[in-house]
Amino acid sequence: MLTIADHQFESRLFTGTGKFATAQTMLDAVGASESQLVTLAVKRLDLNTGSDNILKPLIDSGVKLLPNTAGARNVKEALFAAHLSREMLGTNWIKLEIHPDPKYLMPDPIETLEAARILCEQGYVVLPYVHADPVLCRRLEEVGCAAVMPLGSPIGSNQGLASEPFLKIIIEQAKVPVIVDAGIGAPSQATHAMELGADAVLVNTAIASSRDPVTMGRCFAQAVNTGRQAYIAGLGAVSHQAHNTSPLTGFLND
């Protein structure tokens, strides 16, 4: 079981809700993935008009909703989105995203740390999306974040774990769950993230943009479970020289 703040999850695969061709495809893919935590952008919510046709089915399915501040460019905008999500959804959980550059969507470390500090003081369960920066992740942990979400590679790029050397350091040092977020483009990459010791992964584009999102959701569920079990079992050490699996003894020297 994975524990974040006051909540426990059996599944270590978290999913997003964007980029799916239809709302029904998204709901079916989330169900197939067995994900128990789903993130959605606050800016997509419109409870007054009921135009958001994904919210009620997600709530009815029993998954935990993690609103995110995607689109926020600074502390002020992120705080506004977080306050709005708490009012609209009745949750103090927030995925903190601040990326002022609309082209590459790189998270702003300075604004993110300040917003995280304020939100933690206000009683939020903060899960910040950040660069794979071990120093920044430690600072976020120190201000009270419930988990850290370092990127594998740029959002939606499907480039995999380009930041692997830094992810290893973060995983080694962190005292809160580490959720690899962004850039995971294939089930094999999710497996590898879990083999490194990540506590969970968040996947959206790789599922939503696949030819069959429902089947891909199922594949990612299996991949994450496989990676986690491999990590628990203990991977063999990597060596630069060969080692006999059946040592040669005696009879070849006769």
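Each Cβ is built from the backbone N, Cα and C atoms, and glycine gets one as well.
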Looking at Swiss-Prot, which one out of Gly156, Gly227, Gly234, Gly236 binds 1-deoxy-D-xylulose 5-phosphate in the same site as Ala182, Gly183, Asn204, Thr205?
Gly156
If one measures from the C-alpha of Gly183 (1-deoxy-D-xylulose 5-phosphate binding site) to the C-alpha of Lys95 (active site, schiff-base intermediate with DXP), what distance in angstrom results, rounded to a whole number?
17
In Å, rounded, how far does the Cα of Lys95 (active site, schiff-base intermediate with DXP) sit from the Cα of Gly156 (1-deoxy-D-xylulose 5-phosphate binding site)?
17
Farthest-apart CA atoms of Gly156, Ala182, Gly183, Asn204, Thr205, residues recorded for 1-deoxy-D-xylulose 5-phosphate, distance in Å:
9
